[in-house]
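Undergrad: Before we start, here is the structure in question, set down as structure tokens.
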Amino acid sequence: QPQSALYQSDTFARVWIPDADEVWKSAELTKNYKHGDSTLHLTLEDGMDIEHKLDDKTKNLPHLRNPDILVGENDLTALSYLHEPAVLHNLKVRFTDSKLIYTYCGIVLVAINPYENLPIYGSDIINAYSGQNMGDMDPHIFAVAEEAYKQMARDERNQSIIVSGESGAGKTVSAKYAMRYFATVSGAATEANVEEKVLASNPIMEAIGNAKTTRNDNSSRFGKYIEIGFDKRYRIIGANMRTYLLEKSRVVFQADEERNYHIFYQLCASSHLPEFKNLKLGSADVFHCTNQGRNPVIDGVDDAKEMCTTQHAFSLLGINELNQKGLFQVLAAILHLGNVEIKDRDSDSSIIPPNNRHLTVFCELMGVTYQDMSHWLCHKKLKTAQETYIKPIPRLQASNARDALAKHIYAKVFNWIVDHVNKSLRATVKQHSFIGVLDIYGFETFEINSFEQFCINYANEKLQQQFNMHVFKLEQEEYLKEQIPWTLIDFYDNQPCINLIEAKMGVLDLLDEECKMPKGSDDSWAQKLYNTHLKTCSLFEKPRMSNKAFIIQHFADKVQYQCDGFLEKNKDTVNEEQINVLKASKLDLLVELFQDEEKVTSPTGTAPGGRTRLSVKPKEVRSGASSKEHKKTVGCQFRNSLAMLMETLNATTPHYVRCIKPNDLKFPFTFDPKRAVQQLRACGVLETIRISAAGFPSRWTYQEFFSRYRVLMKQKDVLSDRRLTCRNVLEKLVQDQDKYQFGKTKIFFRAGQVAYLEKLRADKLRKACVRIQKTIRCWLVRKKYLRKKHAAITIQRYTRGHQARCLVKYMRQTLAAITIQKFQRMCVQRKVYLQKQAAALVMQTILRAYMARQKYQGLLRNHKAVFIQKHVRGWLARQRYKRSLRAIVYLQCCIRRMKAKKELKKLKIEARSVEHFKKLNVGMENKIMQLQRKLDEQAKDNRVTSERLNCLETSHAVESEKLKVEVSKLKGIEEEAKNNANRVTSLLEQLERLRKELTTTQKEKKTIEDWATKYRDEMEKMVAELKQQNGLLKTEKDDLNRMIKEQSQQMTEKMTRALAEETQQLESDLNEERSRYQNLLTEHLRLEERYDDLKEEITLSVSVPKPGHRRTDSTHSSNGSECTYNSEFAESEESSRHGEDVTRGMDTSLTLKLQKRVTELEQEKSSLRNELENKEDQFQRARVRDDEEHKKSRGAELEYESLKRQELDSENKKLKHDLTAMRQSLLGNAGAGAGAPGSPPYKVLMDQLNSSCEELEVRKEEVLILRSQLVSQKEAMQHKETMTEPVHYAEDVHKMKDSGAITQAYLGLKETNRSPRFLRKPLENDSNLLSPSPPLRLLEGQMQQQRRSYDNEVEVLRGELQSVKEENNRQQQLLAQNLQLPPEARIEASLQHEITRLTNENLMLRTEDPTAYRSAKVNILRRMVDLMEQLEKQDKTIRKLKKQLKVFSKKIGEMGGKEGDTISPGQMVEETVRPVNIPRREKDFQGMLEYKKEDELKLVKNLILELKPRGVAVNLIPGLPAYILFMCLRHADYVNDDQKVRTLLTSTINSIKKILKEGCNVGANTVITLVTILSFYLCQKRGDDFETVSFWLSNTCRFLHCLKQYSGDESFMKHNTPKQNDHCLSNFDLAEYRQVLSDLAIQIYQQLIKCMENILQPMIVSGMLEHETIQGVSGVKPTGLRKRTSSIADEGTYTLESILRQLSAFHSTMCQHGTDPELIKQVVKQQFYIIGAVTLNNLLLRKDMCSWSKGMQIRYNVSQLEEWLRDKSLMLCGAKETLEPLIQAAQLLQVKKKTDEDAEAICSMCNSLSTSQIVKVLNLYTPVNEFEERVSVTFIRTIQTRLRDRCETPQLLMDTKIIYPVTFPFNPSSLALETIQIPGSLNLAFLTRV
């Protein structure tokens, strides 16, 4: 048998064995199993050998493992072996290794909570899953939601999504994402924002119904079923919510580590806010209702912020601030009520202490009296038949009553909020269908299970029964559809368990009965259960150790319930008097909460947990039915609600989502097998597997089976009939025919048969591989041997030859060495001898010379010593004599001084005596006289003496100086003598020392000579080394020079690269601005279309159209203009206005929503405006740096404009001269009467002269414009080049090489977005086309500002105009004077006048600015030369014109002479003169088409509205409609009819919009019934519209190019011929209309892209991924219930050839329509981006596509696309670069993925892929064959580590909706307008060629 053969194969089988820790362990047989063996020899994965004993009774073998290629499958039913360990292992591998949280299990989506935020729920993922089949993409909650949405539309049947799982498994999040998907894809975002309200209900319900538990931080403590309603077009219109079994007990009690409902903590966290001050709340720790869990904070959750979210959600759902305030008051009062302390008064009564603070706050918030509430909290009223009395209650009962009141109030608040949420979500129109999302608790079992767990498990029993029946039904339908024999599958039926709970005398019935008993208790109810079911039902058990509990065997597990509290929770009683106190409240909201207390409510309307049954009878008399209905218990209500829910689910198509909690510690991506297997058993996944395994779980189509197992067939077995081939092969391979069945389209296999076939296939491939390896190895070894043999012989031959050559070389070298040695030794010896001889001679010469010098020196020293001694001795004798003489003189002086002192002493004594005085006085007078006389004589002598003394002093001073000099000389001689004496001694010593040194020197001489020889050798060696180092330094120098050059080159490259990066950045900014502008245009167009659709819908819904009435589409232009063409359009306009009035009366909310949308657009425009201003500032700063560079070019431009002004002035003079000459000629002929005033020739000529005058006025205006441009600033000059059109340049932005060009383009685009243009001659009443529509009203303010600046400029120009007029008068006077002169004198006079004018300007400039004067002087000289040349040209032109005027005058005279003979002068004056038509020759055709005003509608109708691209338009000249329209426009400009120009342009623009809108909106009002058929139909219609869109895109661009080419702007006239320049527009500047046409072209381009995308979209995935372009490379793996699209090309399947054909069709159509080549390149680039993005996105979301072989297929397909580009010469359009991410993804699938080197290579290769995309591809990589290997988790972590520094967006998928900004490079036409012929098929005979 195949099954036992799997245990006996050559390669030992791998099995699963039970394990206590890991549930199941993998092991491998080490010995083949034989029938009858009782043990198996196994080896575990860790290498341990064990023996596994088989069960003695069953002898069941362990479960086999699936092949490795099946591990990690998207669908568990694709596994060959369907059992518990295989399911558990597959989920674990997907969850932990591949980080995939979703897996299919047949019809069930298994969702494992990752406990981590994953980037797989964005809008890009939603768009990727939208419209896809459920099996085409990887498992996801969006796939389930899309399947439900699609089936609702296709089958016209309501759907349900049942989300179940235990707390913390992620049910609420899954349900939330499902609703988000419906809100996104339903298309209701622009209408009523219903989906926002649906999503806004989630934070409200989470706040009031979710709480933190030990297993989940955000656990839903109630069940809910949300019905999302859809209209006939399957857009969300409303929703309704049903709730089940609110856990009210949590309000007053929480276990450890748990919290109360979130709303209480949000209120406490926001208590500091002003609006919550009156609630008198504080921290959650101070309230008993919030501090019991001792953990009031959730990590990562800000309750204050969540409160803001809750308030915003309340406001969004229409709950006003007053009601919100009331709700918060009631909720805060519940917290205060929980803190009310009740004390014992005695054993039977209790009391609340007076002035209890919390009770006081409670009463204030609730608006009730303190006395009544405190009284009834401690008392209750008992009523008998005769009397009523009040009884106090003990403290415990009072506390319970207080808690019951709190729970009851919270339940009322919960129900009130649910009711108001439903009111807000209720649909305003009739609901066509709905999708229900059931978020309900999963199976629960705790240590203590009570009434809540009983109800939860009861609900899960019902849901499991419904699930089993649905799975069974699907299996049966599949078998019947394939027409195979149906055998009954045995599956678990839990109906007995349901009967135990809900049948008569069941658990609930007995519970209700016990509640009705006066003295019923939990104990008596338990005894009734034991007595009723213990012996009759096997599913009911009694615990051994308890009489207050019971056990029920549920489908998932046994659960023991504690009976305590069942009756109380089932009755849910509350004191009636407490309710009456609350009803008397002053708070309106509280009264509203309890006003329905007496009413009968449907049990399904609100949460059953919120029902209240009073324990006393009310006073009023009620009917028996009402009283009975009011007495329903909680269990009864829940049973009824559950029955209604099951009825709803059975009436819908269910979709199942089973949420699994992987671990209890909330660790991310951590898988606990024990917890997982418990939940898998409980949620029914394993039951699904068991039902599938019981039948034929593996299913293959015949083609897939043939492709997979072709290797098992022989050539003769292959027949043309695939079905017969498969049948014959299976009969040979599998003997037991019960193991498979043949259906109509599929082959069904029992469990394990696919594994057996895979084993046979692997064995066959292995044998083939061995044979191939054997042959190849033999061939390789033999080839290697022959190569080695040949190499050995060759080596031997060359070796022997080499040895012989070496011997001969050695002998020759030996002989040469001997000869060289002989001569070398002789040379060395001779050289040594000569060196010694020379050294001896040198030494002798030196020694003899030295001895002679020594002798000479000795004689010389002796002679000098004698001479020195002679002088020294003389000097010493003289010194001794001088010393003796000085001593003698000194002694004489001393003796004389001593004697003089004694004489002096003696005289002093005598002078003191009296006698002496007396002697002295005798003859004193005589003596005085004598003394006087002597004094005079002495004075005279003194003078003489003084003179002599002076002479002596002078001579003495001279002599003293001489003596001093001699003394100094003598002192010097004395010192020298001393020194000489010392020197003699030292010289003698030195002589002795020199003699010793001579001896030493002689000894050292020889040493020195030896050292010199040695030194010379060393120097020579050093020189050689220095030379070598010099060479090295030169080499290093060269290297350094080379490095410097390289560095300079690198710096240059770096600068170039930096410049390129800056250029690229500027280019990206430019593209971004273009993209934003074009997105605004798209949004505006979408709003216009939406506005029109709304008008049409309202018109259809309000008024029934009359017979024959035909509704037309709106003709709004991009600026809101409308134009009526005929009465039909007028009718449409009138009906639209009527529809608007009706709309305004019916639904004002729609207007408000549209206003909100417009406000959002205005805000977005403002933000874009700010960004533009920032960019402008940046470019202004960059532009300041370039101002200096532009000064020279600025000067050249000014000179050019000046010359142009002068040319216009000269033309002005020429026209004046012509006028004067003609008048003079007419006056000269006045005598003949032919040119008299009033005559026909005179009038004809005057008409022509008037037209010349008009032309003169136009030239004046041009002069004014040029002068205003000359005085404008530099920015205005730059704006002038870019202001007219953002696509002013002839090259695309990608071809701009310098940043300046990009800067100009950017500024031009910015100004296009901001600044309006000004007409050269304003068009009057032009508000229709140029008035902004509502989405563009934000531009009005800016336009007004520009208008104000324009008015200011006008004032300035008026002043300049006055001066120009004066100058013009002077010019006219000069012209009149010049006309009187001959031509030569005329030229000189003009020149003289110009010189005079320039001289005056020169003088003024010289006085003002000398520097400017010098520069102006040079310019003046240059201009004088140019003026001379121009004057000569003008003179020639004047002479030519005079000749023409003479000819015309002559003709006029002849014509006038003929008529003068027959008409009298009186008739000439009185009769009207018939205009004379001057015949034109054909060569003078001006390329204009004339039409009448009433023919304009016919022109638009025939040329635009009724022109078909197919048929008539195919044979036309490309762009012919554009040429015709422009020629008509030229004639309107020629006749100066501004109204005609305006209406023609407006009609053209609106008609193009109308024809395109009709093409795209075909079937827009058709009721959608089948989504898939409709989408295919629309794609086909858009495909038909592609030619229309392409045709009008080409013509719109051509019309735009014509407006530029013939605008008169010189920048657009560079490529024109002279004839084309003559055809330029002369009266109007249509820059504003060019902008409107540019916007229209952008809209058409975007519509063209959308058309192509709709056509290509269904082809891309099939052609690029699924189809096998290279047959036989990809293998087909076994698939599950969710079948994927086969890679085999069936009939109707798209292939790569289909894509290439479609691309060729697009390209040929655009070429045929004459689309610009640059525009075709942009379209092709966008096409390739769509192909690459869609292919890559599907690759990232399809695990089955990530394989090595698929990478090869993708690379081949990409090469075919590149070949197509090469064939079309489009390789340089940038399309190839858009495929780079796809190419790198394909390479990533094929490269080696093992080592760190591989990781480095991948990181460097995949630079166009983001990190998330690379990791996703590696995680999804799936081997198709057993020879491939999976990517290890370690390798993926290495990749993530290496790429973590990348700066990139975390987005996984590429945005397929991106449209590259389009540009329309100017493309002038070489076609001459006068040569265009209009074919008769256009029906334009009313047009006249002019």
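Every residue, even glycine, has its Cβ placed from backbone N, Cα and C.
Please treat TrEMBL annotations as automatic predictions, because they have not gone through curation.
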Undergrad: Can you dig out which of the ranges 31-58, 1319-1346, 1347-1374 TrEMBL describes as coiled coil?
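TA: Of the candidate stretches, TrEMBL labels 1347-1374 as coiled coil.
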Undergrad: Under TrEMBL, which of the candidate ranges 182-204, 297-319, 642-664 is annotated region 'Actin-binding'?
TA: 642-664
Undergrad: Find, among the binding-site residues listed as GLY165, GLY168, GLY170, the one whose Cβ has the highest number of other Cβ atoms within 10 Å in the structure shown.
TA: GLY165
Undergrad: Using a Cβ cut-off under 8 Å and a sequence separation of 6 or more, which residues in the same chain sit near ALA169 (ATP binding site)?
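TA: Once residues fewer than 6 apart are set aside, ALA169 (ATP binding site) is near ALA111, ASN113, GLY442, CYS659, ILE660, LYS661, GLN679.
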Undergrad: What are the other residues, in sequence order, whose C-beta lies within 8 angstroms of the center of the C-beta atoms of GLY165, GLU166, SER167, GLY168, ALA169, GLY170, LYS171, THR172 at the ATP site?
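TA: Other same-chain residues near the ATP site: ASN113, ASN216, SER219, SER220, GLY442, CYS659, LYS661.
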Undergrad: Using a 10 angstroms cut-off on Cβ to Cβ distances, just flag whichever of SER167, THR172 is the loneliest among these binding-site residues.
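TA: If we count Cβ atoms within 10 Å for the binding-site residues SER167, THR172, the smallest count is at SER167.
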Undergrad: Please determine which of the binding-site residues listed here (GLU166, LYS171) has the lowest count of neighbouring CB atoms within 10 Å.
TA: GLU166
Undergrad: Go ahead and report the DSSP secondary structure tallies for the domain 'Myosin N-terminal SH3-like' (10-62): helix first, then strand, then coil.
TA: 0 helix, 24 strand, 29 coil
Undergrad: Restricting to the coiled coil (914-1097), what is the model's mean pLDDT?
TA: 80
